[in-house]
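Database features (TrEMBL):
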DOMAIN    1-269  domain 'Deacetylase sirtuin-type'
ACT_SITE  HIS113  active site, proton acceptor
BINDING   CYS121, CYS124, CYS171, CYS174  Zn(2+) binding site
Amino acid sequence: MLDTAIDLLRGRRIAVLTGAGISTDSGIPDYRGEGAPRRTPMQFETFRSSEEARRRYWAGSHLGWQRFTSVQPNDGHRALARMEEADLITGIATQNVDDLHERAGSREVVHVHGRMHTVSCLQCGRTFDRERIAAEIERLNPWIVVPEQVRLQPDGDVEIDASQDFRVPPCPVCGGMLKPDVVFFGEIVPPAVFAAARDTIAAGQAVLVAGSSLVVNSGTRLLEVARRAEVPIVIVNRGETKWDARAAVRVEGGTSEVLTELADALVAPF
């Protein structure tokens, strides 16, 4: 199937949709892949309504953030960056909240579910760099220590016991409630962000899906754009996806290996 995918993609501008599976080789697990940790992701309404839930979330998110910033792009990220450099890719719409695409060299990236690297106030709407908020967390909680072994979650936090002692910093401007700029379960993708992702997919003459099970609604809505335009879809994933029957080609395998082979075949040697 890899050769079929290469033949289909060759000569076409490619729009890319990536999911958690592309970052597993960097040490960030998938929600649904084999060996994925069992957990209940934070619901938006729970975060807003429960002070205890916010303390628990921010404590775990801070510990996860310290590990999150140390992970490195893998061969899958680098393969897509190489294809973009060769002007084969129109852009990447990613469901991931990490910045591994950018760190690998990709420039045209839309984060459908947001990014862990900024924090916004739910009251005044101001946005802050995550490093600034992390420094304030450590000032308020000098006892907090990052364990040597922390198992990251797909959205960049970790599971820890709730701590009544943890202090959540307020908004530096208005004193309101801070939240990482990621889309929680039960929260709507901002319309402007989804429109940018939709435009990214619509610009492609083919769509390459890498590392997504396509269970989350945002991914399937984006692929509907391609389907209605009769644009061929190539899926690369470990395990089945919800769109396998609609794909022109499906390649079973890890994204690091398969995307590297695709890039090797499609990028003309200099």
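Even glycines carry a Cβ here, placed using N, Cα and C.
Where the annotation comes from TrEMBL, it is an automatic prediction and has not been curated.
Shown on the structure are the features that TrEMBL records.
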| residue | record | Cβ within 10 Å |
| --- | --- | --- |
| HIS113 | active site, proton acceptor | 22 |
| CYS121 | Zn(2+) binding site | 19 |
| CYS124 | Zn(2+) binding site | 11 |
| CYS171 | Zn(2+) binding site | 19 |
| CYS174 | Zn(2+) binding site | 12 |
Sorted by sequence, non-CYS121, CYS124, CYS171, CYS174 residues with Cβ within 8 Å of centre, Zn(2+): LEU122, GLN123, GLY125, ARG126, PRO170, PRO172, VAL173, GLY175, GLY176, MET177, LEU178
From CYS121, CYS124, CYS171, CYS174: binding-site residues whose CA lies within 10 A of HIS113 (active site, proton acceptor): none
Where CYS121 (Zn(2+) binding site) falls in three-state DSSP terms: strand
Per-residue pLDDT averaged over the domain 'Deacetylase sirtuin-type' (1-269), given as an integer: 90
Per DSSP, three-state class assigned to CYS171 (Zn(2+) binding site): coil
